[in-house]
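Undergrad: Below you'll find the structure I mean.
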Amino acid sequence: MMQPLYLVGPRGCGKTTIGMALAQATGFRFADTDRWLQSHVQMSVADIVEKEGWGGFRARETAALEAVSAPSTVVATGGGIILTDYNRRYMHRVGVVIYLCAPVSTLVNRLEAEPEADLRPTLTGKPLSEEVREVLEQRDALYRETAHYIIDATKAPAQVVSEIIAALPPSTQRLQGDVYT
């Protein structure tokens, strides 16, 4: 059994898209902390935040992280999962953490194109480009501190997956076949 692979990064960096492709390429299971949380509490992230505040959401997010963490699993995390010290230490100790890094312009373009964007609560109440810039400035150091590997997420998903697989230690590269040749 292999350690879980945790994908971290801001909204729009491709954690879910890359995570599903990486799981397929490695034969690992795929889990998404936000989706797990929403399916278990039957509320959107925005509804959880409205009813319980960010503190309540962050506590539930930690529970989701622990629930989906299992060997041979690719875990797409919420963008703010690194805000909790426990989560950073847990992921770094239990698995391999990969920071999907992308510039503000890429993140904004992707978020504007997402149909689910309205389901996410604003973090600052500011226009999207300003919010993304501010949030990334606040969190980038935490993503980097937590990550074992930093991967450029501006490329096509297949290329990002290939780069992740190439970066991983051989013991983690248990593939069912080279999907992206």
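Here the Cβ of each residue, glycine as well, is placed from N, Cα and C on the backbone.
Okay, so Swiss-Prot annotates it like this:
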BINDING   G12, C13, G14, K15, T16, T17, R120  ATP binding site
BINDING   T16, D32  Mg(2+) binding site
BINDING   D34, R58, G79, R139  substrate binding site
REGION    112-126  region 'LID domain'
Undergrad: Within 10 Å of T16 (ATP binding site) (Cα to Cα), which of the binding-site residues D32, R58, G79, R139 do you find?
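TA: Cα filter at 10 Å returns D32.
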Undergrad: For the substrate binding residues given in the record (D34, R58, G79, R139), what is the largest pairwise C-alpha separation in angstrom?
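TA: Maximum Cα-Cα distance: 18 Å.
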Undergrad: Write down the Cα-Cα distance for D32 (Mg(2+) binding site) and K15 (ATP binding site), rounded and given in Å.
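TA: Between the Cα atoms of K15 (ATP binding site) and D32 (Mg(2+) binding site), the distance comes to 9 Å.
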Undergrad: Under a criterion of Cβ-Cβ distance under 8 Å and sequence separation of at least 6, what residues of the same chain contact T17 (ATP binding site)?
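TA: Residues satisfying the criterion: P157.
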Undergrad: Suppose we draw a 10 Å sphere around the Cβ of K15 (ATP binding site). How many other Cβ atoms does it contain, all chains included?
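TA: For K15 (ATP binding site), the 10 Å Cβ neighbour count is 27.
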Undergrad: If you measure D34 (substrate binding site) to C13 (ATP binding site) at Cα, how many Å is it?
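TA: The Cα atom of D34 (substrate binding site) is 15 Å away from the Cα atom of C13 (ATP binding site).
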Undergrad: Name the one residue among C13, G14, D32 whose Cα is closest in three-dimensional space to that of R58 (substrate binding site); these are the binding-site residues.
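TA: Answer for the nearest of the binding-site residues: D32.
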Undergrad: Among the binding-site residues listed here (D32, G79, R139), which has the Cα closest to the Cα of G12 (ATP binding site)?
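TA: Given the candidates D32, G79, R139, the nearest one is G79.
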Undergrad: Which residues does R139 (substrate binding site) neighbour through Cβ under 8 Å, counting only same-chain ones at least six apart?
TA: P10, G79, G80, I82, L83
Undergrad: For D32 (Mg(2+) binding site), write down the residues of its own chain that are at least 6 apart in sequence and whose Cβ falls under 8 Å from its Cβ; none is a fine answer.
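TA: Long-range Cβ contacts: K15, T16, G19, V68, V75, A76.
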Undergrad: Other residues with Cβ within 8 Å of the Cβ centroid of D34, R58, G79, R139 at the substrate site?
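TA: Apart from the listed residues, the neighbours are R11, E61, T77, G78, G80, I81, I82, L83.
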Undergrad: Can you check which residues sit near C13 (ATP binding site), meaning Cβ under 8 Å from its Cβ, same chain, 6 or more apart in sequence, and list them in order?
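TA: For C13 (ATP binding site), the qualifying residues are G79, L100, C101, A102, L107, R110, A153.
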